[in-house]
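For 24, 25, 26, 27, 28, 29, 30, 31, 165, 194, 216, the entry in Swiss-Prot reads ATP binding site, with the evidence type sequence analysis. Among the features that Swiss-Prot reports, Mg(2+) binding site is placed at 30, 170. Feature annotation from Swiss-Prot assigns deamido-NAD(+) binding site to 145, 178, 185; the stated evidence is sequence analysis.
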């Protein structure tokens, strides 16, 4: 699989006359895998990594992103998007977090998460909820859209492609932002479920610290992917695979199966063809 993906990236970069690749690096497993694949496909001199933290970003993830770029020896730039978001007025939607410990901020956010909606992830997909909840959607989505603009700015200055990091689980469930992290030129891992990305990451010697970190969009403090799904990635991927293959689901939790079906139903309208993806195997 790894060699196929390396060949895919190399072939598509050449086919579409790109000179190299730009990857947004978050400190998570998906961007670590994609950055590694790009380096192996193109060489480190043709890969540029962009790290774009903001006020709510995890300091640990920021350090992991920097450490991983330095480990691979790629050119990278760290740029805070906090000033841009502040200028737009994004942070006025929620109280300032100056001088507050992360633990208090996370408890506050978690309380709002559970208070504003009975099921925040489904309401996110529906684009419904009270005004405060909708403000929350605007609050986190714009962060990805600002990052997309900066990724393309850096890519086009160099004649590079923006290489995305969305996996199949995220794509099928709608765990991405339209015109944000899904707006890219090439998607090399969109055919891989999250659990398969973890397996590939182990094969590619991604640091254990990144592998053990709870997957999170790192847009809202304290909110993880599995918290949004209300199940583990292992359970989610297993159910998704069975649904795609029309396999027997009798040994799965019926409530979780129904939840996944509802997520797929609601997320369908968000899915659209990405220009260049690796064919599913």
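Cβ atoms are placed via backbone N, Cα and C, with glycine included.
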Fewest other Cβ within 10 angstroms of its own Cβ, chosen from the binding-site residues 26, 165, 216: 216
Among 170, 178, 185, i.e. the binding-site residues, the one with its Cα nearest that of residue 26 (ATP binding site) is 170
All-chain count of other Cβ atoms within 10 Å of residue 28 (ATP binding site): 25
Nearest-integer angstrom distance between the alpha carbons (Cα) of residue 216 (ATP binding site) and residue 185 (deamido-NAD(+) binding site): 23
Report the nearest neighbour of residue 165 (ATP binding site) in space among the binding-site residues 145, 178, 185, comparing Cα positions. 185
Residue 170 (Mg(2+) binding site) sits from residue 28 (ATP binding site) (Cα to Cα, rounded, in Å) at a distance of 14
Could you check which of the binding-site residues 145, 170, 178, 185 is the closest Cα neighbour of residue 30 (ATP binding site)? 170
Using Cα-Cα distances with a 10 Å cut-off, which of the binding-site residues 145, 170, 178, 185 are near residue 24 (ATP binding site)? none
Should residue 170 (Mg(2+) binding site) be counted as helix, strand, or coil on the basis of DSSP? helix
Across all chains shown, how many C-beta atoms besides its own are within 10 angstroms of the C-beta of residue 185 (deamido-NAD(+) binding site)? 21
Given the ATP binding site residues 24, 25, 26, 27, 28, 29, 30, 31, 165, 194, 216 in the record, what is the largest Cα to Cα distance, rounded to whole Å? 18
Cα-Cα distance, maximum over 145, 178, 185, record's deamido-NAD(+) binders, Å: 15
How far is it from residue 185 (deamido-NAD(+) binding site) to residue 170 (Mg(2+) binding site), counting Cα to Cα, in Å? 17
Taking the Cα atoms as reference points, how far is residue 170 (Mg(2+) binding site) from residue 145 (deamido-NAD(+) binding site) in Å? 17
